[in-house]
Amino acid sequence: MVEAQTWTTRRMSNPRLESTATADHQLLDIPATPTAEVRNGIYSVGSHLSPNLLTALIIASWFMSNIGVLLLNKYLLSFYGYRYPIFLTMLHMISCACYSYVAINFLEIVPRQHILSRKQFFKIFALSAIFCFSVVCGNTSLRYIPVSFNQAIGATTPFFTAIFAFLITCKKESAEVYCALLPVVSGIVLASNSEPLFNLFGFLVCVGSTAGRALKSVVQGILLTSEAEKLHSMNLLLYMAPMAAMILLPFTLYIEGNVARITLEKAKTDSFIVFLLVGNATVAYLVNLTNFLVTKHTSALTLQVLGNAKAALAAFVSVMIFKNPVTVMGMAGFAVTIMGVVLYSEAKKRSKVTTH
């Protein structure tokens, strides 16, 4: 006859299985609940570093990747003689798609999000088209104008953002915000008039790139507004990058010819081109990754402030490396533009505080 077994429990103890058949009590060994890191098998990067040191390393990586991709693009397109900016941009997009897939699906730096509807797909596709236009124009401009001038023009993004926000959403800013945009524009006019290596086509495509960047930010705020459709920046890149590569493929074939064959033939005689292209495409992805990490470990406002500092530092480093001539008036114009961007950021902050 099998004797009955009963469960007895005590506070702060494991359940004890008590058998009336024996005098010995047998304890059930219940393991401690594992932490999230152990469950997922993931340990955060820099978990053994102090928070301040980790943040400093991330910001340093952000500066190096942002300035590095500019200098590599300039070297490839202007000095090395690789005159295929559309194909180069397509390589950037393919790289971003591959690295994003690995980072999200295997490294799990952010949770994977999925496209939920055809409507959401076409919204992301529209953003990809604007993204393509902006990046291609930016890379093309580096063939014709110095990095320093490119960065001066790029600093006028807030001006175009305010214009598109007004035209598309009828959003009006305060008078203080609009006044802060005056030095942004006047500074670039001053810099353009005194730029020794001014090129009209390069100037226009760089303005197009800056306007495209501003348009993307405004359109993204309109299209992906619902909570169900909002995507994390890294997930958005995962879906936008392959779409952008597909958009660029027919353009590079039509405008730049059989550039893939030309690149392969060049690689047979000069293997350095492989290193340049792979390194350039990798750094292009690191720009997006470090943007995310800086925002995560600091704030979006810090990223904006760093962007102003990056423009000035990139201009200085490019002048030191490529030895392009600069004038006092050109530097003054750049400084006025950066000052206007800082004033604009402060005015926007005060405007938000007032409205809330």
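Just so you know, glycine gets a Cβ as well, placed from its N, Cα and C.
Look at TrEMBL and you will find 56-345 tagged as domain 'Sugar phosphate transporter'. According to TrEMBL, the transmembrane segment annotation covers 53-72, 84-109, 121-142, 148-168, 175-191, 236-255, 271-294, 328-345.
In the predicted model, the domain 'Sugar phosphate transporter' (56-345) shows an average pLDDT of 92.
For the transmembrane segment (271-294), the most Cβ-contacting stretch among 84-109, 121-142, 148-168, 328-345 is 84-109 (pairs under 8 Å). Long-range neighbours of the transmembrane segment (148-168) within the same chain, counting only residues 6 or more positions beyond its ends whose Cβ lies under 8 Å from a Cβ of the stretch, are 70, 138, 141-142, 177-178, 181, 184-185, 187-188, 191-192, 195, 197-198, 203, 206-207, 209-211, 213-215, 217-219, 222, 308, 311-312, 314-316, 318-319, 324, 326, 330, 333-334, 337-338, 341, 344-345.
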